[in-house]
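Input: a single structure, listed below in structure tokens.
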Amino acid sequence: MDHHQKRNLTFLSIGLIFMLSGIEYAVILPTIWRYLQILEAPPYFLGLGLSAFSLSALLTGPLFGFWSDRSKTTKSIVLLSNVFEILGNFMYFIGYSKWLLLSSRLVAGVGAGAGSSIFGFLTRSTRPDERAGVFAAIMACRQVGLLLGPAFNLFLRLCDFRLGPFVVNKYTSPGIFMCLLWVLVQFVVLAMYWDVPPLGPEAGAVMMEMKREEEEEDEEAPLLMGSADEEPVHTYKAVSTGQSEASARPDHAASDPFRGFSYLCVSPAEFMREEVVVLLTAQFITLFNQTALEVRRYFGFGELGNSLMYSLCGVEVVLGFVLVRWLSGRVADRAVLAAGLLICCAACIWCLVFLCSPRGGYGWELSAFAIGVFLQLLGLPFVAVSQVSLFSKVTAEKTQGFSQGVRRSVGGLATILGPLWAGGLTSNLYIMLGMMLALLVMITVSSPVCSVGAD
């Protein structure tokens, strides 16, 4: 099997992983509150259960990313993370108590932390000009999972039998269903996932560094065997063409036990550069606003109405990612980002004008809400894909796993804080939407600096 085939199969495996993450969200979210009520959980446990998954992913993302940067592999990390998904969903299936249910979401969230390693791998294995298109396709896979989830719920809600000592009903069945799907994905990853060699301008440097580390480990053993009275032995490196002669100096790195760590440890200055701060802020604000808008007025749709609404929203987002994938080969990432932010600003202005003080009846208010949601979801793929692509270009390629972990952690923090902010201001929409618009305008004005070092 040649390199191109391995690369395509690996991308297909990654798409399947992201699709399953969408399915998991779609099959568990509709029933988790009723499940908690059966287990006699207080109302605040719903917030804890929904936040637990994001919290553990937020904490483990940078760790998985650092591991992938250090090992230059991701397959073993993906296999390990899937084990956490399997275990977490099996714990959800068992149920037994509200604390076990809460713990199950924490454990499953650890598995989601491997997304940072995957995005780091995608950065290293794609060219800058094709990266946005690949990111768009992978993100669209999750939205496809969100669309398929309600279809699976149609038969999961009919489950009513026993599996040994366990009860399988419409509340526990999503756990065992997802557990089985993640087991199947383990076999897919084993057979179709390859740690293909990196591409891009830093690929050579990364491979040289790996080779140099191996050489230094071989040289370190005889040096340590020398007696303390012997004169220290220095090693020298060959100077390549175009390299400064000043670099041909004694190499003390072999005796430095923290040399490997310092090579991969990102300086705080890496994340204090203006373009990086702007992109991280864009990640936070867009997800903060998105989750805040989900805390909306209840329109009395019912189960079927809500499923239909989420399905329509999912179709729009998938089509948005397809559009962004098409645009990525024709328009610069910074232009896509600017367009997405302007659309999000328009959505916020629309909601501020027409939803805060509705002038018509139920029909008018519902129409105004639908248009606001349409605009918000239309801008989401533009911002999501462009800011990930730009972020991969303005941060060091050799530490992409850790950097992507930080980016995803910022997004996870936004998904936790967004509902908390909006939940207390549902009766003060002017304050809620006004602050959201102010944040969007701020990041839109700052977005031109994102082109520094990116294109």
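Every residue gets a Cβ built from N, Cα and C, even glycine.
Any TrEMBL annotation is an automated prediction that lacks curation.
What TrEMBL says about this one:
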DOMAIN    10-451  domain 'Major facilitator superfamily (MFS) profile'
TRANSMEM  12-33  transmembrane segment
TRANSMEM  45-65  transmembrane segment
TRANSMEM  77-96  transmembrane segment
TRANSMEM  102-122  transmembrane segment
TRANSMEM  134-155  transmembrane segment
TRANSMEM  175-194  transmembrane segment
TRANSMEM  308-328  transmembrane segment
TRANSMEM  335-355  transmembrane segment
TRANSMEM  367-385  transmembrane segment
TRANSMEM  406-423  transmembrane segment
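Through the fold, the transmembrane segment (102-122) approaches residues 11, 14, 17, 21, 24, 45, 48-50, 52-65, 67-69, 74, 77-78, 80-85, 87-92, 131, 134-135, 138, 175, 182, 195, 388, 392, 400-405, 407-408 of its own chain, all at least 6 residues removed from its boundaries and within a Cβ separation under 8 Å. For the transmembrane segment (406-423), the residues of the chain that approach it from at least six positions outside its boundaries are 47, 50-51, 54-55, 57-59, 61-62, 65, 115-116, 119, 271, 279-280, 283-295, 388, 391, 432, judged by C-beta separation under 8 angstroms. When Cβ-Cβ distances under 8 Å to the transmembrane segment (175-194) are tallied for each of 12-33, 134-155, 308-328, 367-385, the top count falls to 12-33.
Away from its own ends, the transmembrane segment (12-33) comes close to residues 46, 49-50, 78, 82, 85, 89, 92, 101, 108, 112, 118, 122, 137-139, 141-150, 152-153, 156, 170-171, 174-175, 177-178, 181-182, 185, 188-189, 192-193, 303, 307, 310 of its chain (Cβ-Cβ under 8 Å, at least six residues beyond either end). At the 8 Å Cβ threshold, with sequence separation of at least 6, the transmembrane segment (134-155) lacks contact with the transmembrane segment (45-65), having fewer than 3 such pairs. For the domain 'Major facilitator superfamily (MFS) profile' (10-451), the model gives a mean pLDDT of 78. Counting same-chain residues at least six beyond the ends of the transmembrane segment (308-328), those with a Cβ under 8 angstroms from any Cβ of the stretch are 26, 132-133, 136-137, 139-140, 143-144, 146-147, 150, 301, 336, 373-374, 377-378, 380-382, 385-386, 389.
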